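Okay, structure first, notes after.
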């Protein structure tokens with residue numbers, strides 16, 4: 001399992017009736033043929049998550065929609081620890097559509113592990129119900145999950161990285177003809193002052209209201225994570241990823257992370273230092289004078305300006321780049337929410353490609 005980074009703790013009325021939309025956050029449902037609206041939340045520009053329900057009658061949960069994993073898990077009612085009790089917990093006895101599985105489940109993230117067992121029930125996203133979805137009931141969670149604002153995680157990666165060969169929600173959504181094509185797109189709104197309006201997740205296509213121009217597509221090299229070749233990158237005269245390197249785009253990672261040596265050089269070029277809470281930050285008075293950073297994807301230069309990669313918090317102006325602690329064991333770069341905030345991102349499983357367009 002690829003190590004996940006949850007940095008930041010210390011996931012239309014449509015013209016096209018083939019799209020299932022999940023708006024990040026305010027709930028606003030309009031059920032027509034394969035159309036639905038829902039809200040997602042923005043937690044400090046570091047985590048984007050939204051609402052689902054499981055069971056009959058529906059039990060509500062919030063989940064981080066994570067392109068860097070493929071399983072769905074939710075805390076179980078049988079978990080009574082202080083880590084689980086702040087969250088909504090699934091009660092199988094209260095659902096008429098529950099089907100017992102019981103197989104043990106284990107998954108590890110960069111921030112901790114969880115254990116539990118598998119169950120099956122109806123999972124509803126934005127009013128569309130995926131029947132017979134296998135998911136994990138978590139009975140033991142790492143301490144960090146006590147402090148996050150979401151209840152669980154819904155993975156949107158390929159089935160090859162699904163623990164216990166569980167069929168992911170997206171696959172079942174498509175096979176049950178709830179969406180026309182196994183495609184989904186993220187619009188992440190970078191405005192922590194309004195956590196109830198964090199952007200939009202679209203199933204079945206893309207929403208042109210939230211991007212401008214055309215997409216730059218890159219082919220997926222590894223059908224597990226959404227992994228592709230990055231042609232190169234630069235920050236002023238400094239070049240990195242020379243000759244090309246591997247990258248993934250990951251909605252479950254807050255920052256843009258890369259090889260530690262490269263990130264250290266970027267910190268130096270930005271005159272960034274550690275602040276009072278241990279985060280890497282710059283002088284807020286000098287943000288406008290910082291350089292643009294460029295990532296070359298699909299032969300095109302996709303840039304991040306200082307306003308894109310500097311995250312303003314109550315503790316200062318923090319740099320949106322961090323170490324990729326899995327460097328050497330997986331992709332070199334992880335393009336997380338900082339990158340996805342600038343670029344509307346389409347994940348096209350039908351054609352095994354990822355597309356980027358400037359968000360608006």
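Cβ coordinates come from backbone N, Cα and C, glycine included.
Pulled from TrEMBL, these are the features on record:
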type	residues	note
ACT_SITE	66	active site
ACT_SITE	250	active site
DISULFID	79-84	disulfide bond
DISULFID	241-245	disulfide bond
DISULFID	284-317	disulfide bond
DOMAIN	48-357	domain 'Peptidase A1'
SIGNAL	1-17	signal peptide
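Neighbours of residue 250 (active site) among the recorded positions 66, 79, 84, 241, 284, 317, defined as a Cα within 10 Å of its Cα, are 66. Residue 284 (disulfide bond) has a Cβ environment of 11 other Cβ atoms inside 10 Å. Taking the domain 'Peptidase A1' (48-357) as a whole, pLDDT averages 94 in the prediction.
Ranked by how many other Cβ atoms sit within 10 Å of their Cβ, the active-site residues 66, 250 place 66 at the bottom. Nearest in space to residue 66 (active site), taking C-alpha to C-alpha distance over the disulfide-bonded residues 79, 84, 241, 284, 317, is 84. Taking the Cα of residue 317 (disulfide bond) as the reference point, the closest of the disulfide-bonded residues 79, 84, 241, 245 is 241. Of the recorded residues, residue 284 (disulfide bond) and residue 241 (disulfide bond) place their C-alpha atoms 29 Å from one another. Long-range Cβ proximity for residue 241 (disulfide bond), meaning a same-chain Cβ under 8 A and a gap of 6 or more residues, is found for 230, 231, 232, 233, 262, 296, 332, 333.
Cα spacing between residue 79 (disulfide bond) and residue 245 (disulfide bond): 42 Å, rounded to the nearest whole number.
Residue 284 (disulfide bond) falls within a helix when secondary structure is assigned with DSSP.
If you measure from the Cα atom of residue 245 (disulfide bond) to that of residue 84 (disulfide bond), you get 39 Å. When secondary structure is read from DSSP and collapsed to three states, residue 66 (active site) falls in the strand class. In the shown protein chains, 20 other C-beta atoms lie within 10 A of the C-beta of residue 317 (disulfide bond).
Of all Cβ atoms in the shown protein chains, 18 besides its own fall within 10 Å of the Cβ of residue 245 (disulfide bond).
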